[in-house]
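Remarks on the structure that follows.
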Amino acid sequence: MTSKPNTPLLDQVVFPSDLRKIEDKDMPQVARELRDEMIDAVSVTGGHLGAGLGVVELTLAIHKVFNTPEDRLIFDVGHQCYPHKILTGRRERIRTLRQEHGLSGFTKRAESEYDPFGAAHSSTSISAGLGMAVAAELGQTDRKVIAVIGDGAMSAGMAFEALNNAGALDARLIVILNDNDMSIAPPTGAMSAYLARLASGRTYMGMREIGKKLTAYLGKNIDRAITRAVEHARGYVTGGTMFEEMGFYHIGPIDGHSFDHLLPVLRNVRDNAKGPVLIHVVTQKGKGYAPAEAAADKYHGVNTFDVITGTQAKAKPNAPSYTAVFADALVEEARLDDKIVGITAAMPSGTGLDKLQNLFPERTFDVGIAEQHAVTFAAGLAAEGYKPFCALYSTFLQRGYDQVVHDVAIQGLPVRFPIDRAGFVGADGPTHAGSFDTGFLASLPGFVVMAAADEAELKHMVRTAAAYDEGPISFRYPRGEGVGVQMPERGEILPIGKGRIIKEGSKVALLSFGTRLAECLVAAEDLDAAGLPTTVADARFAKPLDLDLIRQLARHHAVLITVEEGAVGGFGSQVLHMLANEGLLDHGLKVRSLVLPDLWMDQAKPDVMYEKAGLDAKGIVSTVFTALSRDALAQDSLA
């Protein structure tokens with residue numbers, strides 16, 4: 001284990017107010033020390049390293065120039081917030097990042113006054129910032145609002161909706177576009193920096209104000225002519241952009257790793273901006289750490305690693321991951337059916353669709369961070385006879401729900417939805433938990449909703465979805481490894497709406513939807529030992545329910561427990577509704593529904609989170625005993 005880095009200047013900075021006492025000439029050293037501290041911390045915890053390394057100078061410059069937390073600083077997504085946390089009173093806890101009882105991996109309002117708006121999903125910063133900027137104007141304060149958004153997040157429609165509204169409102173909002181893929185335009189050295197300083201200065205920014213005053217004096221009829229004249233003059237210096245068309249004063253691109261470029265531009269904007277300003281800053285993801293700079297993903301998300309070599313610690317898997325099983329099964333089906341296409345919203349490796357992309361690039365579509373578009377794009381493909389697999393994380397499917405309802409479900413289009421990261425996801429906490437998809441999909445008429453109990457079942461569900469053309473169909477599966485079951489050579493086509501009984505009993509029935517099946521089997525052993533012969537069933541489907549299976553369990557057992565990795569309103573609610581409507585609750589059946597708790601659970605290891613939620617074997621046994629009013633001592637005997 002290496003010693004912590006030597007950081008004499010950074011040691012003087014507890015809060016941004018301390019940073020403002022440091023001379024400009026010493027800022028590059030502070031940046032080096034901050035980068036070293038961040039690398040060392042993430043080597044211990046794992047996390048999102050590359051994005052933070054890319055914004056070290058930018059984060060320092062913003063906190064030095066602006067009066068945070070009075071001035072509001074909002075980071076989009078939040079992957080890049082680790083340097084910000086170190087500078088805002090949280091350095092002593094930085095090695096608890098993403099750990100149980102530790103710092104969140106994202107900005108979080110409850111954690112610090114320097115986090116005015118929480119984030120984790122993309123493209124929200126400009127909308128939130130605009131709300132805060134308008135609030136400042138309504139409150140007649142001089143508060144500045146700065147939103148930092150990456151070029152990737154700009155692919156989402158919400159970002160452009162906010163830009164359009166901000167321009168129309170002429171709000172005092174500063175948007176910093178962090179272009180870390182050089183996908184928009186590279187800076188052009190000293191001349192670019194000079195022009196950016198010039199464009200952000202009082203003279204050129206004043207031209208816009210002159211235009212506004214002339215419009216007010218002479219009337220709106222000549223508004224467009226004045227605007228064209230002002231922007232034409234500015235165009236000789238800065239070049240016209242779409243941002244200017246939306247009403248923003250555009251500065252840049254500038255070098256996001258140069259304090260000589262950043263500090264004067266930010267100071268000019270702070271002192272002179274009267275309306276919306278967009279500063280285009282070019283940075284390098286992974287900057288300053290050779291292994292990250294050399295890696296294809298720039299160390300976007302890493303496990304713990306050796307600081308010297310960059311080698312990441314990866315435990316040898318006991319079974320293939322669910323994501324890998326899905327990817328391999330989809331490739332297998334795609335080889336046999338040229339109508340199968342894959343769609344991802346900027347997550348090809350996370351969803352496993354990169355495997356399909358490598359083999360069938362013409363049939364794989366990465367639409368960017370645009371889940372709404374992804375869903376309706378898939379609907380269009382389905383309408384023309386193709387078989388789209390729109391692979392999204394559960395938490396991101398939420399972003400396209402209206403499209404699922406309006407464009408897919410109402411029209412009965414056979415879009416396939418592989419839903420990754422179902423249930424608790426561990427270190428990423430509540431913003432990334434897959435809690436709600438079962439509830440919001442099972443409520444839609446004509447939707448088939450499945451959950452895989454293990455990796456073999458997942459393979460069956462991929463083939464089932466590929467073969468199903470009657471309407472939309474989904475199947476959910478968690479992050480992480482499978483349970484190590486024997487894998488079929490190819491998946492089977494499952495009968496729609498039919499579950500299976502895994503183990504027969506007579507007193508207690510455990511009906512599982514998803515991967516809690518393994519815990520149900522462990523619980524059944526304990527219940528059998530306690531004299532409660534237990535049936536274990538795998539529902540497979542939340543919609544349509546296996547009515548015959550549920551009737552059988554209800555009529556021949558004293559207790560029926562539904563178990564799922566989702567929020568209330570999902571599978572268990574569907575079962576209870578069916579039981580009530582058929583009168584199966586009228587004769588003494590004790591039914592309990594185990595779901596994710598009705599609260600936002602902070603990050604921890606998934607096993608710990610499920611234990612706290614009562615969704616492990618012990619929690620299931622406890623629920624059965626409580627339902628039967630058994631003596632608590634019996635529970636202790638099974639511990």
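Yeah, the Cβs are placed from backbone N, Cα and C, and that goes for glycine too.
What you are looking at is a predicted structure, and each value in this text was computed from that prediction instead of being measured.
Swiss-Prot annotations:
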| type | residues | note |
| --- | --- | --- |
| BINDING | HIS79, ALA120, HIS121, SER122, GLY152, ALA153, ASN180, TYR289, GLU371 | thiamine diphosphate binding site |
| BINDING | ASP151, ASN180 | Mg(2+) binding site |
Winner by Cβ contact number (other Cβ atoms within 10 Å) across the binding-site residues HIS79, HIS121: HIS79
Helix, strand or coil at GLU371 (thiamine diphosphate binding site) [DSSP, three-state]: helix
Spatial separation of ASN180 (thiamine diphosphate binding site) from ASP151 (Mg(2+) binding site) - C-alpha basis, Å: 7
Binding-site residues compared (ASP151, GLY152, GLU371) - highest count of Cβ atoms within 10 Å: GLU371
Span of HIS79, ALA120, HIS121, SER122, GLY152, ALA153, ASN180, TYR289, GLU371 around thiamine diphosphate - largest C-alpha separation, Å: 32
Spatial neighbours of ASN180 (thiamine diphosphate binding site) that are distant in sequence (at least 6 apart) but have CB under 8 A: ALA51, GLY54, GLY150, ASP151, VAL282, THR283, GLN284, LYS285
